[in-house]
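Engineer: Take a look at what Swiss-Prot says about it:
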TOPO_DOM  1-20  topological domain 'Cytoplasmic'
TOPO_DOM  42-47  topological domain 'Periplasmic'
TOPO_DOM  69-92  topological domain 'Cytoplasmic'
TOPO_DOM  114-123  topological domain 'Periplasmic'
TOPO_DOM  145-162  topological domain 'Cytoplasmic'
TOPO_DOM  184-188  topological domain 'Periplasmic'
TOPO_DOM  210-243  topological domain 'Cytoplasmic'
TOPO_DOM  265-276  topological domain 'Periplasmic'
TOPO_DOM  298-308  topological domain 'Cytoplasmic'
TOPO_DOM  352-387  topological domain 'Cytoplasmic'
TOPO_DOM  409-419  topological domain 'Periplasmic'
TOPO_DOM  441-461  topological domain 'Cytoplasmic'
TRANSMEM  21-41  transmembrane segment
TRANSMEM  48-68  transmembrane segment
TRANSMEM  93-113  transmembrane segment
TRANSMEM  124-144  transmembrane segment
TRANSMEM  163-183  transmembrane segment
TRANSMEM  189-209  transmembrane segment
TRANSMEM  244-264  transmembrane segment
TRANSMEM  277-297  transmembrane segment
TRANSMEM  309-329  transmembrane segment
TRANSMEM  331-351  transmembrane segment
TRANSMEM  388-408  transmembrane segment
TRANSMEM  420-440  transmembrane segment
Amino acid sequence: MSHITTEDPATLRLPFKEKLSYGIGDLASNILLDIGTLYLLKFYTDVLGLPGTYGGIIFLISKFFTAFTDMGTGIMLDSRRKIGPKGKFRPFILYASFPVTLLAIANFVGTPFDVTGKTVMATILFMLYGLFFSMMNCSYGAMVPAITKNPNERASLAAWRQGGATLGLLLCTVGFVPVMNLIEGNQQLGYIFAATLFSLFGLLFMWICYSGVKERYVETQPANPAQKPGLLQSFRAIAGNRPLFILCIANLCTLGAFNVKLAIQVYYTQYVLNDPILLSYMGFFSMGCIFIGVFLMPASVRRFGKKKVYIGGLLIWVLGDLLNYFFGGGSVSFVAFSCLAFFGSAFVNSLNWALVSDTVEYGEWRTGVRSEGTVYTGFTFFRKVSQALAGFFPGWMLTQIGYVPNVAQADHTIEGLRQLIFIYPSALAVVTIVAMGCFYSLNEKMYVRIVEEIEARKRTA
């Protein structure tokens, strides 16, 4: 059985306050995540004194570990049948957010060990952080099918989520370094101070999300009691759900491209453009363009459909990066072309969450088993693998191109940074265009038919 409202699930409209609360949840998640994505590699190389390859290995091991903790979270969520008044997903948002906050701060604490000891300690802390972040963030993301079955409202929630994520990224991009610099003469304490302040705000925002969202469609009994969630079942759910599998491949590419860009832009502005403060100012413009894209996304989807808007966003992204590589030699041109690329990425990153929610019903339609947690965390498994590779690749490449911290870089190092921030993301975006254009088949018409057939089955069961 399910907890179901009396309103038609296909037409139910969500209140503004609930959409805002859901968007605030990804504001919280991205504050807690992006301080690490943006600055942790630089903290490892420039403060802890670790070689770039070691920093990359920390990301590789930790993110691969959390890929499996994501899957474990999905299995745990789909195994829950005794659902209390807090719901199926919301309790994990509430209780996991506190250890995530503490560990996000601890990641920026130095240790008095040698290089090996520092590497081991940093890896352990980052793995623990990833474990609790999986519990919090996977529950947050998997909750959408329990909130609404209206495809337009799901697209709206995806837009609000991306808006919150973009605001979190903007705050971390613009504010972290100035806050860190308030502690003069001690870079280590500056990192700790900034991480503490940002993480506490992340905790507060996540609690606001918890209090403002409502679960309406929660399965309390399995459709097939003999079929219990497990790791093998999770991978089968992905392999047997073609739209989900294609979406996983697309995210493997796009998230890897986006995270490499974020990691390298700190080095690019400092060593290529010789303007380290530019990153803070650029954030206002580039993230502003993302907000415009997020704002335009729901109307664009209603007119053209999710798939066409997704591919269109990728094409804009590629155009912006290629223009930056060939013509973006100065600060002004770098900001302008980056804004174009980030504008395109807004459609891609927003629609990922709406598309994965649609694959829940596709999987239920194909198998008779509704597994929000398994589908969502199978999706995030690929995203974490992408993050693992995106964390390792820049650190490894920094060593390969001859990066030396806190000095002027050689010409071949400069060219390596340019290729990392522009050519690598463009190539992955092109691969994604081919994958989504040729192999993704779940459109709006098919989705409506699937939902109608599922509801008909339930009425006759």
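We number each residue from 1, going along the chain as drawn.
Just so it is clear, glycine is given a Cβ too, placed from its N, Cα and C backbone atoms.
Computed from a predicted structure; not experimentally measured.
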Engineer: Might you confirm whether the transmembrane segment (93-113) is in contact with the transmembrane segment (189-209), defined here as three or more C-beta pairs under 8 A between residues 6 or more apart in sequence?
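Structural biologist: Yes, the stretches contact each other.
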Engineer: What stretch, picked from 124-144, 163-183, 420-440, has the most CB pairs under 8 A with the transmembrane segment (277-297)?
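Structural biologist: Top-ranked stretch among 124-144, 163-183, 420-440: 163-183.
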Engineer: Decide whether the stretches the transmembrane segment (309-329) and the transmembrane segment (420-440) have at least 3 CB pairs under 8 angstroms, with pairs required to be 6 or more apart in sequence.
Structural biologist: yes
Engineer: Given the cut-off of 8 Å on Cβ pairs that are 6 or more apart in sequence, determine whether the transmembrane segment (244-264) and the transmembrane segment (93-113) share at least 3 such pairs.
Structural biologist: no
Engineer: What mean pLDDT does the predicted model reach across the topological domain 'Cytoplasmic' (1-20)?
Structural biologist: 68
Engineer: Would the transmembrane segment (48-68) count as touching the transmembrane segment (124-144), if touching means at least three Cβ pairs under 8 Å and pairs must be 6 or more apart in sequence?
Structural biologist: yes
Engineer: Tally of helix, strand and coil residues over the topological domain 'Periplasmic' (114-123) according to DSSP?
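Structural biologist: Taking the topological domain 'Periplasmic' (114-123) as a whole: 9 helix, 0 strand, 1 coil.
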Engineer: If you count every Cβ pair below 8 Å, which range out of 21-41, 93-113, 124-144, 331-351 shares the most with the transmembrane segment (163-183)?
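Structural biologist: By Cβ pairs under 8 Å, 21-41 leads among 21-41, 93-113, 124-144, 331-351.
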